[in-house]
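Quick look at what Swiss-Prot lists:
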DOMAIN    1-159  domain 'Obg'
REGION    127-146  region 'Disordered'
COMPBIAS  129-138  compositional bias 'Polar residues'
DOMAIN    160-334  domain 'OBG-type G'
BINDING   166-173, 191-195, 213-216, 284-287, 315-317  GTP binding site
BINDING   SER173, THR193  Mg(2+) binding site
Amino acid sequence: MKFVDEATIKVKAGDGGNGCVSFRREKFVPFGGPDGGDGGDGGSVYLVATHDLNTLADFRFQRHYEAQRGENGSGRNMTGASGADLEVPVPVGTLAYDAETEELIGDLVEHGQRLLVAQGGFHGLGNTRYKTSTNRAPRQSKPGTPGELRVLRLELKLLADVGLLGLPNAGKSTLITQVSGARPKIADYPFTTLYPGLGVVRVGPLQSFVMADIPGLIEGAAEGAGLGIQFLKHLSRTRLLLHLVDVAPADPAEDPVAAVHTIEAELQQFSEDLASRPRWLVLNKIDLIAPDERESFTKELVARLGWEGPVYAISAATGEACESLMQAIMKYLEEAQSHDADTATAG
């Protein structure tokens with residue numbers, strides 16, 4: 001079972017600056033010697049691992065990265081400035097392959113780790129370098145070399161940040177489709193996986209997270225019939241659970257409160273660790289409740305449940321309030337990550 005996010009990007013290092021052909025020209029110095037300076041080195045391209053990213057979603061919007069070229073040399077033996085290196089942030093855990101040869105260039109496993117993926121071009125030489133005892137006025141110089149051009153395939157094992165709970169008719173797959181398909185603010189992203197209930201949600205530049213449906217909780221999951229060990233491992237870093245409830249079931253006899261209790265009991269039996277994660281109540285299909293009745297309906301349902309955590313009312317089908325829910329999730333995940341970082345520093 002593979003949960004893999006992939007992206008293909010093109011990286012181009014900066015070309016080296018050219019050397020200069022120049023001669024010293026001053027009053028009373030009729031035969032000034034060569035004074036052409038060297039060019040500057042081209043900038044290189046590095047991938048830099050960061051905990052601030054969870055997915056490769058941003059590479060859907062920018063696929064080409066180019067470092068600065070070196071400046072040309074000039075007279076008076078002035079050397080051209082070197083081009084600035086370009087650092088491309090990627091999530092920790094990213095594997096970088098050469099797309100043409102499939103050679104593994106590197107595995108970025110630590111925050112702050114840098115991986116050289118395209119070497120900058122070397123500087124050219126000015127004509128000063130070619131002065132000899134027999135050639136006092138060389139008109140020869142050397143151009144800079146081109147920077148390396150490479151197509152990379154980036155691969156990242158996806159781990160779910162947010163898990164979805166709920167009965168089969170609660171609208172989990174509809175929500176994943178809605179939030180990973182509403183462009184441009186929350187963009188769909190083609191990733192390869194054998195598991196369909198997984199979505200990369202892009203909230204904004206450098207802001208994305210992975211949402212996963214937790215399947216089969218009702219069908220004997222506590223006895224191991226539903227989730228396998230691999231999928232449990234996949235959910236190991238889930239920071240937040242969204243508990244989806246169908247507030248307008250097709251069968252009026254179905255009680256949303258009973259549906260919540262059913263899932264809670266099964267979850268507790270299935271995994272105490274997962275059951276202890278923070279959980280938000282998401283009331284789905286709110287569009288089927290009359291607008292003037294929604295507030296009282298929500299209050300009554302929350303009171304019957306004795307629910308004290310966050311509550312959101314949405315419509316996965318129409319997209320109503322979905323974006324604000326995704327923004328709230330992103331904020332929560334960023335704050336949790338920041339808290340973890342502070343704790344690690346203090347420890």
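Glycine residues also receive a Cβ, built from the backbone N, Cα and C atoms like all the rest.
Counting in whole angstrom, LYS285 (GTP binding site) lies 13 from SER173 (Mg(2+) binding site) by their C-alpha atoms. Counting only same-chain residues six or more apart in sequence, the Cβ atoms lying under 8 angstroms from the Cβ of GLY166 (GTP binding site) belong to LYS172, HIS243, LEU244, VAL245, ASP246, ALA259, ILE263, ASN284. When the Cα atoms are compared, SER315 (GTP binding site) and SER173 (Mg(2+) binding site) turn out to be 12 Å apart.
When other Cβ atoms within 10 Å of the Cβ of LYS172 (GTP binding site) are tallied across all protein chains shown, the result is 25.
Per-class residue totals from DSSP over the region 'Disordered' (127-146), listed helix then strand then coil: 4 helix, 0 strand, 16 coil.
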